[in-house]
Each structure stands twice: as C-alpha cells, then as structure tokens.
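Accompanying notes for the structure given below.
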Amino acid sequence: MATNRTFTMLKPDSVEKGYIGAILEKINASGFRIVAVKLTQMTKGDAEAFYAVHSERPFYGELVEYMTRGPILAAILEKENAVEDFRTLIGATNPADAAEGTIRKLYAASIGENAVHGSDSDENAAIESAFHFSGREMF
Ligand code: DAT
Ligand code: MG
C-alpha cells in the first residue's frame, strides 16, 4: 500500500468543546503524520462549495450553518492507506452507529454534529487539501 495523504477537519463542535488536543493525540497515536495544520473559519460560500455534493439533501442548510459557526482545525495527514485507515479511525457518520474507540463514538454528539471530517477518496483528499492549504503550508 502506498504512503499517501488524507484531509481532515475537526469541526466547530470539537473546537468549542476543547477536544482538539485529545483528537490530535489519537490521530498521532494511530500512526498519522501531520503534514499541514491550521485553525480557520469557513465562510458560507466555502461550506456550500465544500459540501456541494450534498446541496440537494434536506440537511444541507443546517450543515452549512454548523460548519461556519466557529473555527475548525484543518489538517492534512500522511500514512500508508491514509484515506481508508482514517475513515476507520473516525467511525460511521452517525456516532450512534460508530464502533467503540472511534473518534465519532468518543467525541461526536449527533449525525449532524459529528466532530470530524475525513476524505472519502484519494481524489477528494487532494481536492479538499488544496481547498484549505497552499503548497507552502504543506510539510
Ligand atoms: P461523512 O462525513 O461520514 O463522509 P457524508 O459525506 O455522507 O458523511 O455527509 C457529510 C456530512 O453531512 C456529515 O458528516 C454530517 C452531515 N450529514 C450527513 N447525513 C446527515 C443526516 N442524515 N442528517 C444530518 N446531517 C447529515
Ligand atoms: Mg463525506
């Protein structure tokens, strides 16, 4: 398996509740290297574009409101099989369905406010990383 990268956001609820340290510790302990990291806040336009694939879904408006209500921690992570392994680490979209020990099981409140984002493909990881970071911010 190739060493590769994924993109994550610790969403506004994680930042508000003070979970950044604990979640980054878990990410590090799971073998991911942080390639890029920053606190940033998405504008309405940013969130609408980032989640454009969900624009016809009934929760789209709430999702955009949630993702823009405060800062997020955006990061790029490197590991063998990064995309798939990170999706395993974060758990199911709905924390009620997430496996024991996953980030969403431990830290997410609901399907709408589910603590963390993880890219779902190598292609989307590259697109999402470029959405938030310039080349000189990646190490
Ligand atoms: P994931 O974040 O696990 O990739 P997704 O891409 O299907 O999940 O959806 C993106 C986000 O949209 C998800 O993290 C939370 C929100 N969302 C998804 N399904 C939802 C639902 N049924 N009700 C409310 N919010 C939902
Ligand atoms: Mg998704």
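One-based numbering along the chain as shown.
Note: Cβ is positioned from N, Cα and C throughout, glycine not excepted.
A TrEMBL annotation is a machine prediction, not a hand-curated record.
Annotated active site, pros-phosphohistidine intermediate per TrEMBL: H117, in sequence order. The ATP binding site annotation in TrEMBL covers K11, F59, R87, T93, R104, N114. The domain 'Nucleoside diphosphate kinase-like' annotation in TrEMBL covers 3-137.
Positions of TrEMBL features highlighted on the structure.
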{"residue": "K11", "record": "ATP binding site", "CB count, 10 Å": "24"}
{"residue": "F59", "record": "ATP binding site", "CB count, 10 Å": "12"}
{"residue": "R87", "record": "ATP binding site", "CB count, 10 Å": "17"}
{"residue": "T93", "record": "ATP binding site", "CB count, 10 Å": "14"}
{"residue": "R104", "record": "ATP binding site", "CB count, 10 Å": "23"}
{"residue": "N114", "record": "ATP binding site", "CB count, 10 Å": "23"}
{"residue": "H117", "record": "active site, pros-phosphohistidine intermediate", "CB count, 10 Å": "20"}
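Averaged across the domain 'Nucleoside diphosphate kinase-like' (3-137), pLDDT for the predicted model comes to 98. Taking every pair among K11, F59, R87, T93, R104, N114, the residues recorded as binding ATP, the greatest CA to CA distance is 21 Å. Among the binding-site residues R87, R104, N114, the residues whose Cβ sits under 6 Å from any atom of ligand 1 are N114. Note: the Cα of H117 (active site, pros-phosphohistidine intermediate) and the Cα of R104 (ATP binding site) are spaced 10 Å from each other. Look at R87 (ATP binding site): DSSP puts it in a helix. Mapped onto three states, the DSSP output places K11 (ATP binding site) in coil. In terms of DSSP helix, strand and coil, the domain 'Nucleoside diphosphate kinase-like' (3-137) has 64 helix, 28 strand, 43 coil.
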